[in-house]
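First up is the structure itself, then whatever we jot down about it.
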Amino acid sequence: MRTLWIMAVLLVGVEGSLFELGKMILQETGKNPAKSYGAYGCNCGVLGRGKPKDATDRCCYVHKCCYKKLTGCDPKKDRYSYSWKDKTIVCGENNPCLKELCECDKAVAICLRENLGTYNKKYRYHLKPFCKKADPC
C-alpha cells in the first residue's frame, strides 16, 4: 500500500487524489504510473509545463488544463470515489466538482492508454528546463 502511495506522489501531477489517479493509470495502461509517467515529457509530473513533446505528453497537458477549469473543489486536496466495472472507470460522486475532478483523472488515464503507441522512452525523464512555453489552456 505504501509503495502505491509513493508511486502516486510522482504521477502525472501532484494534484487530485493521487492514489485514485495512480490506480486509474495502472488499470488503463498496465504501466507503473510513477516510473512511466512521473517525469515524462514536458507536462507529466510535478514540475510539468511546456509544449507537449508527443501525444502522450499532450495527455498530461490536457489534464492540467482540465484541473484549471474546476471550481468549488481543490484538486490538490480533495478525494473522490470511483469504481472499475467491466474494465471501465466509473466516477461515483454526487458532488459536481468532485465528479469533474474524477472525470479529469479518468480522461488522462484513458488518453494515456489510447496513446501507448506514442510513448517514447527518451522522454521518460525529460529535463523540464528544455521545454518551450506552451499555449495557454
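Note: Cβ is positioned from N, Cα and C throughout, glycine not excepted.
In Swiss-Prot, the region 'Important for membrane-damaging activities in eukaryotes and bacteria' annotation falls on 121-133 of the listed ranges 30-42, 43-55, 121-133. Looking up CYS97 in Swiss-Prot gives a disulphide bond to a cysteine among CYS66, CYS73, CYS104, CYS111, identified as CYS73. In the disulfide annotation of Swiss-Prot, CYS59 is paired with CYS111 out of the candidates CYS104, CYS111. Each of CYS60, CYS65, CYS66 is a candidate, yet Swiss-Prot gives the disulfide link of CYS104 to CYS66. The cysteine that Swiss-Prot pairs with CYS137 in a disulfide, picked from CYS60, CYS65, is CYS65.
Between CYS102 and the candidates CYS60, CYS91, Swiss-Prot records a disulfide bond only with CYS91. A helical conformation is recorded for CYS97 (disulfide bond) in the three-state DSSP classification.
For PHE130 (site 'Hydrophobic membrane-disruption site (MDiS)'), the disulfide-bonded residues whose C-alpha atoms fall inside a 10 Å radius of its own C-alpha are CYS42, out of CYS42, CYS73, CYS104. Distance noted between the C-alpha atoms of CYS66 (disulfide bond) and CYS137 (disulfide bond) is 9 Å.
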